[in-house]
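Novice: Please find one structure pasted underneath; my questions will follow.
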Number of protein chains: 2
Amino acid sequence: MTTVLKLGGSVITDKDRAETVDGESLERAAAAIADAVSDSTETDGGLVVVHGGGSFGHPAADAHGVTTTAGTDDAGAVTEIHAAMTALNGFVRRALLERGVEALPVYPLSLAARNREGDLALPTESVETMLEEGFVPVVQGDMVTHAGRGATVVSGDELVAELARGLDADRVGLCSTVPGVLDDERVVDRIDSLADVESVLGGSESTDVTGGMRGKVETLLGLETPASIFGLEGLEGFLAGEDVGTTVG
Amino acid sequence: MTTVLKLGGSVITDKDRAETVDGESLERAAAAIADAVSDSTETDGGLVVVHGGGSFGHPAADAHGVTTTAGTDDAGAVTEIHAAMTALNGFVRRALLERGVEALPVYPLSLAARNREGDLALPTESVETMLEEGFVPVVQGDMVTHAGRGATVVSGDELVAELARGLDADRVGLCSTVPGVLDDERVVDRIDSLADVESVLGGSESTDVTGGMRGKVETLLGLETPASIFGLEGLEGFLAGEDVGTTVG
């Protein structure tokens with residue numbers, strides 16, 4: 001049972017203060033992961049943690065005008081955005097290491113690249129060997145080099161999708177700031193197609209640079225792997241194999 | 001013309017003081033690289049810089065008893081050794097960035113892995129795209145996960161060999177603390193086989209954990225790519241396409 005878990009950038013950082021971790025939420029997420037890994041019935045095929053940018057990656061990316069499609073040739077700018085994400089990656093890994101989770105960093109800038117069409121090549125040898133050896137890879141949203149455009153942003157959501165495919169994962173979970181996809185205040189249990197929830201998700205105006213809820217649902221619908229969207233209160237249940245939040249696809 | 005250049009750890013660090021850069025040598029190397037990149041006749045197919053550990057990686061690796069074959073399952077230990085190398089990588093990139101070289105980091109821990117036989121898988125998509133986009137990848141000696149052994153050391157020399165193969169490089173250069181392979185005080189111009197220089201290189205007692213001069217020559221003899229071993233004073237000439245130091249293979 002290989003699980004790919006994304007911790008949303010908004011969940012583990014304070015989105016209103018630049019480069020500030022939401023310590024309480026990060027501790028809570030790390031504790032749930034540590035419990036699941038030490039119990040290991042649900043995660044014995046390995047757990048990959050992916051995290052977004054929150055108040056670390058986004059301000060730096062905005063300052064340099066880079067997105068998933070608008071690139072830069074300036075290595076100083078790439079380095080600055082990458083370093084902001086690496087700092088957050090360090091906080092996530094430290095919280096996990098302190099709880100006995102053998103977390104190792106994975107930086108997509110070193111690993112992945114986009115071709116001219118923007119498709120991501122993400123070789124999985126390193127992550128697979130980490131999993132086989134009992135480590136927990138912690139993969140960050142990052143910059144990647146992009147044929148013809150210098151370097152562009154790669155979002156946590158995109159990494160989740162590529163890793164789920166590349167590792168043939170059994171489960172995908174997106175831990176978000178909301179308890180699932182919401183219809184008014186009620187969590188939608190299950191989404192099988194985008195048409196089902198068009199009215200709930202709204203149009204493209206609700207997407208941000210690295211994909212809002214609509215983008216997440218679209219990405220997850222494109223996967224073979226069953227996926228869930230849930231809030232921090234659902235993380236423990238998800239890692240225990242329960243259906244939590246909204247199940248997609 | 002794709003060139004893989006290794007800056008020896010002993011060249012750019014003060015081997016006698018833990019985690020100390022040899023600022024003068026690093027500046028000199030960075031200046032030579034910046035000149036070559038801005039001139040670009042010899043490096044227009046791209047330049048990959050690889051660096052060893054020197055006083056950064058080796059003490060941390062020794063403290064945890066890890067080598068290229070003796071591994072660890074302790075993510076804290078892996079992280080500590082990796083972080084020491086990453087710090088040196090930052091110094092190298094900063095020296096290059098300050099001179100207008102668009103240097104980006106490449107961390108083998110994120111990218112590569114060893115199988116049970118110890119063979120290194122090093123996917124090249126990221127480095128190739130960096131080169132195509134005009135960046136200069138700066139690859140560090142590092143830790144990599146190793147099937148059955150947790151994580152082990154990967155040396156700069158091994159990375160040079162794998163990159164030369166994977167990128168089908170045209171030239172390889174090892175910038176060392178000596179002006180080439182020495183026979184007494186004379187630089188040996190050319191080595192075609194290990195037997196030629198058995199008396200000069202001595203036996204296995206002259207090798208260190210990540211390969212002394214004997215290991216370097218053996219590695220370079222195994223490559224299709226022409227290679228040179230030279231000192232810092234030869235770097236400018238090497239990058240200008242000249243034969244400097246000892247030519248191997």
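If you go along the chain as it appears here, the first residue is 1 and each next one adds 1.
Cβ atoms are placed via backbone N, Cα and C, with glycine included.
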Novice: A:G54, A:G57, A:G166: which one does TrEMBL list with A:K6, A:L7, A:G8, A:G9, A:S10, A:G212, A:K216 for the ATP site?
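Specialist: Only hit among A:G54, A:G57, A:G166 in TrEMBL's ATP site, alongside A:K6, A:L7, A:G8, A:G9, A:S10, A:G212, A:K216: A:G54.
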Novice: A:G53, A:H58 bind substrate according to TrEMBL; which of A:G156, A:G173, A:G180, A:G215 goes with them?
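Specialist: For the substrate site that includes A:G53, A:H58, TrEMBL also lists A:G156.
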Novice: Rank aside, I only need the closest one: which of the recorded positions A:K15, A:H58, A:G156 has its C-alpha nearest to that of A:L7 (ATP binding site)?
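Specialist: Closest by Cα distance to A:L7 (ATP binding site) among the recorded positions A:K15, A:H58, A:G156: A:G156.
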Novice: Give me the mean pLDDT over the domain 'Aspartate/glutamate/uridylate kinase' (A:1-220), rounded to a whole number.
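Specialist: Summing pLDDT over the domain 'Aspartate/glutamate/uridylate kinase' (A:1-220) and dividing by its length gives 92.
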Novice: Checking your reading of the structure: which of the binding-site residues A:K6, A:S10, A:G212 lie inside a 10 Å Cα sphere centred on A:G53 (substrate binding site)?
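Specialist: Passing the 10 Å Cα cut: A:S10.
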Novice: Return only the integer: C-alpha distance in Å from A:G9 (ATP binding site) to A:K15 (site 'Transition state stabilizer').
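Specialist: Cα-Cα, rounded: 8 Å.
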Novice: Taking the Cβ of A:K6 (ATP binding site) as the reference point, list residues of the same chain whose Cβ is under 8 angstroms away and which are at least six residues distant in sequence.
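Specialist: Those within reach of A:K6 (ATP binding site), by Cβ under 8 Å and sequence separation of 6 or more, are A:V49, A:V50, A:H51, A:G52, A:G156, A:D157, A:V160, A:V172, A:G173, A:L174, A:C175.
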